[in-house]
Amino acid sequence: MQAGGDAGHRCALQVQGLTLRYNDVLALDGATARFPTGSMTAIIGPNGAGKSTFLKSVLGLVEAEGAVSAFGGPVAQAMPRIAYVPQRAAVDWSFPVRVIDVVLMGCYRKTGLLGRIDRRMTAHAMAALARVGMQDFARRQIGALSGGQQQRVFLARALAQGADLFLLDEPFAGVDAATESAIISVLKSLRDGGATIIAVHHDLTTVAAYFDRVVLMNRRTLAEGPVAETFTRDALAQAYGPALMLDPTGSSAV
Amino acid sequence: MDEFLYLSLPPMVIASLAAVACVLPGNFLLLSRRAMLGDAMSHVVLPGIVAAFLLTGSGSGVVMGAGALAAAGLSALLIEFVTRRAQMEPGAAMAVVFTAMFALGVVLLETTGTSGVHLDVEHALYGNLESLIWLGAAPPELWRLALIAAGLGLALRLVWRPLVLATFDPVFAQTQGIPVAWLRAGLTAATALAAVAAFQAVGSILTIAMLICPAASARLLTRTLPSQLMASLGFAVASALLGYILAGYAPLWAGLPFTLSASGMIATVSGLMLACAALIASHRARAAL
């Protein structure tokens, strides 16, 4: 089933009624959202709200019920246009590969099983590294990098894929300030070039500065839309509960 | 010199080939944190071999190898089943399955009177490397192991790129259209094949040692995967040759009237290599601080 109809042409990604049950726990309960082409969306919500699971279900990495369409068609067909940046903690960083090897993994669809990694391919990967300011680290083993540098390498691998829909899982978790601003400027330039960015985000104080849309979720999607209209105190209280003391929207005093 | 060519060279070549066959999947078991699978696979072959013998009455290497492969396949499925159904940690599931299967093999061996005639527990542990000598022709184990080592090497070359990606980052690999589950099953199958082939020639102790020790030593001393693989192959062959020579000649040099188990000595040498690698690596780490 294809969600949306004619809105599908303007939406990079549409998700309708995504539901996932782990044993007896509902990890996702009918999550529904639209991600317009060329937008930059933060997915926010409390811990355990199913944000990472949402991304994985959208990509078909875990099997969930519901309808997902990317660029107006099934996600499986759109996968070459989609880049996924997993959480940094998802891999073993002592693995014996170099930075350039990790970035070249993003070229797998072009090289395939036995295709040669020629000078053009390497140059392509180096250009991706340069975009995140990591060109001098190409021959370094990945275990020797800081957390922020590791995250930049992951972003470079996604850039090397040449995708126009980016799904990032907590790209700013545990990174230094320099990395955070490097990543956000790359993401903004991708968006300005017409790409669609969707990031699971945990720092509510930077939502308004970094993103133009927001999806608020707690197993279901509670609100979605432009930051100015959606990122409100009421909506946050609904998602996080009244215990949220600070007011990151800055609209009123506690 | 002739004595060496007929009596010592074939077992040395066989030990080296068994080591190579085990090292190829061993490197990836280690990196995907499934090192225990090597232990499991080299134990579960025993009930398979005994059952194959009981069912067919044939002592041929091919029939027993088929039985061993069947047992390996069955236990791989059992491990998968226990992991999922009992939601058990994979290491624990492997330990449960392989100890139960090995015990079943020993019981079968002792109760059916097979023991001592064609098979015995001692051979299962140490193999019979010393008896694989040149008797007018090379022992069949030699060609079988050569074929399997070459096959595994070729298969590894073919799937190298997706296998590395799937081992490093299985979730991302899936987004690239790589059949991660199939590669995982393939690695299990390759481990089973190497373990069965090596088990028949060199016994389970050496098989376990060769699946993990050379790869673990190389992992400590190298920084990229190709160099790790090359170093592990070097360590494997070196420990096979050195261990065999030490087992056969060291007691004689010392004036003692016996020889030692070749498999045992090769496994010991590979263990000592790992200890040296650990010392060198920790020294390097300290020097880097």
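Yeah, the Cβs are placed from backbone N, Cα and C, and that goes for glycine too.
Note that the coordinates shown come from a computational prediction; the quantities given were computed from them, not determined experimentally.
In TrEMBL, the transmembrane segment annotation falls on B:205-222 of the listed ranges B:187-204, B:205-222. Relative to the transmembrane segment (B:142-160), the listed stretch B:12-30 leads the set B:12-30, B:37-55, B:91-109, B:205-222, B:258-281 in CB pairs under 8 A. For the transmembrane segment (B:37-55), the partner stretch with the most Cβ pairs below 8 Å, chosen from B:12-30, B:91-109, B:229-252, B:258-281, is B:91-109. The transmembrane segment (B:205-222) shares the most Cβ pairs under 8 Å with B:258-281, out of the stretches B:12-30, B:91-109, B:229-252, B:258-281.
Beyond the transmembrane segment (B:12-30), the same-chain residues lying 6 or more positions past its ends with a Cβ under 8 Å from any Cβ of the stretch are 37-38, 129, 132, 139, 141-142, 145-146, 148-149, 152-153, 156, 163, 167, 187, 190-191, 193-195, 197-198, 201-202, 206-207, 210-212, 214-216, 218-219, 225, 228-229, 232-233, 236-237, 239-241, 243-245, 262-263, 266.
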